[in-house]
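Please read the structure below before turning to the comments.
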Amino acid sequence: MLYQEGISTRGSKQRVGVVVSHELAHQWFGNLVTPSWWTDLWLNEGFASYIEYIGMDAVEPTWKALEQFVVHELQNVFSLDALESSHPISIEVGHPDEIGEIFDKISYGKGASIIRMMDHFLTTEVFKRGLTNYLNSKAYQSAEQNDLWCALTKQAHKDKVLDPSVTVKEIMDTWTLQTGFPVVTVTRNYNNNSITLTQERFLLRNSGTMVTSDAEPLWWIPITYTSEKQLNFTNTRPTKWMKAERSIILNDIDADPTQWVLFNVQETGNYILILMKYSQNKITLYLKYVRTFCNRIL
């Protein structure tokens, strides 16, 4: 927490900002509203770990803190969560010795990542309103994740960003009560211009190879994409959902067979992608576009 202008590095300055922003967030997530039990520790640390980036971005936009989130939190936690020894975000704690074990990347980084995912699939405006209702209704009390799900569902239905038959609990329980994260395989059929998405749990064995299993659980996955035709990298509302189903087929892709399609816009979804039967030429064209786009804005 020590910083001296002209002596300390910019990295040190940012680190101080991260810690201060994180601890300020605990005034609401942890102090104003406290988890009922250690099972929902992520309601404290996940929110604080996400809001620290929002706070830094508000104070010093030139740091591009929200863009750093993807590298420092989302991608960083994959290596731990891909192991068989990983654990759910919401995990039962029955002994004092187990408490310290859950203060890890899962509660902090993965917790923050799924909160960010909700922020995007609900839209920030709806997410903020639902979160405000949650904090107000549970102020100076204890809460559990179902209280959060209820507040967000009510707001999502009111603002019509979720189908009335779908609840946030139904979606998010697949992320907090199950271990690991999915890998989504993208298979493009150029003959009929359709795309098949298939999900499996991503696992790393001791050999470092990826292993998937049909016996593993399924997730509700918000699907976002843009294409060479659309070039929309700001819309992160899901255009389709994988509703805890093994695979889905997209027949209404707004792109010609000759154009590339990019999934998981801004990496707002807590999953990784594998491209199968995807034209190498399309990948090359996309990378050239990204290089040109980046050079234009830098």
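Counting starts with 1 at the first residue shown.
Placed from the backbone N, Cα and C atoms, the Cβ positions cover glycine too.
Any TrEMBL annotation is an automated prediction that lacks curation.
Listed in sequence order, the residues of the same chain lying 6 or more apart from E23 (active site, proton acceptor) and placing their CB within less than 8 Å of its CB are A48. For E23, the entry in TrEMBL reads active site, proton acceptor.
Taken residue by residue with DSSP, H22 (Zn(2+) binding site) is part of a helix. For H22 (Zn(2+) binding site), the same-chain residues lying six or more positions away in sequence with a CB closer than 8 A to its CB are A48, S49, I51, E52. Per TrEMBL, the feature Zn(2+) binding site maps to H22, H26, E45.
Here TrEMBL flags 1-175 as domain 'Peptidase M1 membrane alanine aminopeptidase'.
For the recorded site, Y108 (site 'Transition state stabilizer'), the DSSP three-state label reads helix. The number of other CB atoms found within 10 A of the CB of Y108 (site 'Transition state stabilizer'), across every protein chain shown, is 23. Under the heading site 'Transition state stabilizer', TrEMBL lists Y108.
Distance from the CA of E45 (Zn(2+) binding site) to the CA of Y108 (site 'Transition state stabilizer') is 5 Å.
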